[in-house]
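Okay, structure first, notes after.
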Amino acid sequence: DGCGHLVTYQDSGTMTSKNYPGTYPNHTVCEKTITVPKGKRLILRLGDLDIESQTCASDYLLFTSSSDQYGPYCGSMTVPKELLLNTSEVTVRFESGSHISGRGFLLTYASSDHPDLITCLERASHYLKTEYSKFCPAGCRDVAGDISGNMVDGYRDTSLLCKAAIHAGIIADELGGQISVLQRKGISRYEGILANGVLSRDGSLSDKRFLFTSNGCSRSLSFEPDGQIRASSSWQSVNESGDQVHWSPGQARLQDQGPSWASGDSSNNHKPREWLEIDLGEKKKITGIRTTGSTQSNFNFYVKSFVMNFKNNNSKWKTYKGIVNNEEKVFQGNSNFRDPVQNNFIPPIVARYVRVVPQTWHQRIALKVELIGCQITQGNDSLVWRKTSQSTSVSTKKEDETITRPIPSEETSTGINITTVAIPLVLLVVLVFAGMGIFAAFRKKKKKGSPYGSAEAQKTDCWKQIKYPFARHQSAEFTISYDNEKEMTQKLDLITSDMAG
């Protein structure tokens with residue numbers, strides 16, 4: 001097997017020869033068929049090709065489709081950086097004989113929906129524009145190459161673009177995706193951090209740096225230490241003075257000084273029995289989490305891996321799963337007691353309650369956490385009805401939906417002013433009763449021989465005339481429809497009905 005790193009998704013992927021960027025092995029064959037959705041054309045981009053042979057007799061790279069052949073390529077021959085095929089499927093074949101050196105190849109691909117495809121080896125320093133957008137394929141996280149910096153201060157321009165985008169939580173490695181890049185003046189020092197399985201390094205002064213534009217849902221979500229943080233257990237230690245030190249769940253906020261939360265169980269049997277639970281008070285959009293260990297140098301405790309559970313009011317706990325394999329996703333945690341680690345949720349978690357469930361740890365489970373995200377607002381969550389009126393509303397939250405019903409206010413949701421309807425109605429009723437009084441006084445003067453007929457008949461006819469005007473009512477029926485896959489919209493039917501007295 002001469003195949004190396006291989007990550008494929010629905011419409012993009014990355015592939016390398018074995019040992020890349022080291023020397024590929026002798027006498028091996030790598031053959032894989034890659035596809036994009038039918039009806040799309042396949043784009044191939046060669047990020048690197050270093051094959052020792054000059055004749056392509058025994059060492060070569062070849063692409064074959066049902067109707068065409070591209071290659072073989074080897075040696076110092078001119079190789080196209082990009083191939084746009086007239087098919088959605090191609091077989092990649094890499095063969096090696098006896099050789100001394102050569103890195104082999106690195107290949108990325110995507111469907112024709114992404115003409116701005118780049119490889120995992122592109123760096124920001126390759127581009128001169130101050131703003132640009134590119135498509136990163138799936139599978140760039142584990143490709144060799146450094147990045148320096150972080151998602152807040154930016155990245156040194158020598159950093160790999162797609163690996164930096166994964167580090168920043170802009171795209172998921174298993175999916176790839178579109179990135180929007182802003183180039184800015186460099187800074188004197190870049191601080192590295194472990195995030196989303198990628199370790200960025202500290203970097204020195206550079207002329208330029210770059211940042212990514214995002215959806216803005218990346219602020220710290222607040223929660224109070226008392227009442228909003230719970231845990232399965234907590235630990236009490238004794239300090240040098242003989243005093244008890246509480247490692248309670250209320251100490252689990254990343255921004256707070258002092259010891260972290262630590263579990264009462266110090267066994268290292270790797271059974272996920274312990275958890276730390278956070279109540280955000282209401283349903284929110286959670287896009288990431290930052291964690292540290294104990295933060296205390298004399299207590300080298302930290303969580304090495306964890307899973308995330310979440311739920312809403314009156315619902316069952318659910319486990320966050322990976323997009324591609326739909327299996328429980330295990331996040332890479334801390335590697336020491338001190339340095340923070342960030343993991344992003346792509347797609348985000350939309351929930352009120354979350355639990356961090358440690359899977360592996362060092363010596364004892366110890367955690368400080370910070371949740372990243374934003375309020376659920378118009379346009380950033382498909383489960384929320386987009387409110388288009390100014391009426392006051394009451395929200396009833398369920399596991400998978402948010403229903404909002406109007407309550408009486410000065411203005412209805414269609415903009416009809418209730419006052420303008422009520423005043424004429426009151427005046428009409430006053431006039432009717434005044435007319436009845438005048439009619440009664442007039443009838444007293446004519447006790448007998450009334451040309452208008454009997455009193456009972458007059459009464460009946462009068463009531464027939466005035467019955468409906470003041471007995472007429474208006475009622476409003478509001479129907480709210482929603483779709484879990486699309487943004488909820490309000491449907492308003494105003495029904496006017498005649499009601500008999």
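Placement of Cβ uses the backbone N, Cα and C atoms for every residue, glycine included.
The compositional bias 'Polar residues' annotation in TrEMBL covers 257-269.
Annotated disulfide bond per TrEMBL: Cys3-Cys30, in sequence order. Around the Cβ of Cys30 (disulfide bond), the same chain contributes Asp1, Gly2, Cys3, Gly4, Ser17, Lys18, Val92, Arg93, Phe94, Glu95, each under 8 angstroms and 6 or more positions distant in sequence.
According to TrEMBL, the feature domain 'CUB' maps to 3-112. Here the domain 'CUB' (3-112) is broken down by DSSP into helix, strand and coil counts: 0 helix, 56 strand, 54 coil.
The domain 'LCCL' annotation in TrEMBL covers 114-210.
Taken from TrEMBL, the feature domain 'F5/8 type C' applies to 210-374.
Across the region 'Disordered' (240-274), DSSP classifies residues as 3 helix, 7 strand, 25 coil. Here TrEMBL flags 240-274 as region 'Disordered'.
The feature transmembrane segment is assigned by TrEMBL to 421-442.
Neighbours of Cys3 (disulfide bond), defined as other CB atoms within 10 A of its CB across all chains, total 17.
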